[in-house]
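Features of the protein shown, as given by TrEMBL:
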| type | residues | note |
| --- | --- | --- |
| BINDING | 176, 177, 178, 179, 180 | ATP binding site |
| DOMAIN | 56-142 | domain 'Phosphagen kinase N-terminal' |
| DOMAIN | 173-245 | domain 'Phosphagen kinase C-terminal' |
């Protein structure tokens, strides 16, 4: 599952003597194939239909995974009754409860860590398999389906480590900084279930977004690198920046 850790990695860094930001977006691949997208849509519809027929060959009790020695949250929450209720459900993209729990079946986890043991294949997974997902999210984050996440970006509320913000010398104390963002896009399957064509489509979208940064000529100006564009020299330069932070 490590190959699907995120759609992209986004690094923003600024040096002491640099006014511009440099941006490096590393994606799994580039380009977009219309034929690939059509195949992707057909594949999931065909897969969902075939999966439903295949499931009917065996009972839910026969398909229920062996979890007696597992310590992850999925194993603690999933019951034979819940599995029987959820196993016939398939999201529009073709994701099933067996897809969702397989990572937890393969990785038992340890009692000292609250390892989830499930993965969502798309945004519909959270509704389709909410009997399993909701309790896990609440246990791990104390955040239920009706909870709201608040964001306060008012910098005046920040507490500075010095007497006042005016005494903070940016050039003296900050050599570089980096911000990393990992998010899923609505309308696309998640990295655990995305295809090569879909990853390329996501990359094209972000390519357009970062082109706007470059054209705006503001503080977010920088360089966008597609994976195949990064040669050995660029790799060394980006690695040096990362290790200096």
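Just so it is clear, glycine is given a Cβ too, placed from its N, Cα and C backbone atoms.
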Per-region confidence, the domain 'Phosphagen kinase C-terminal' (173-245) (mean pLDDT, whole number) = 82
Per residue, counting other C-beta atoms within 10 angstroms of the C-beta, which of the binding-site residues 178, 180 reaches the highest number?
-> 178
CB neighbours of residue 179 (ATP binding site) within 10 A?
-> 10
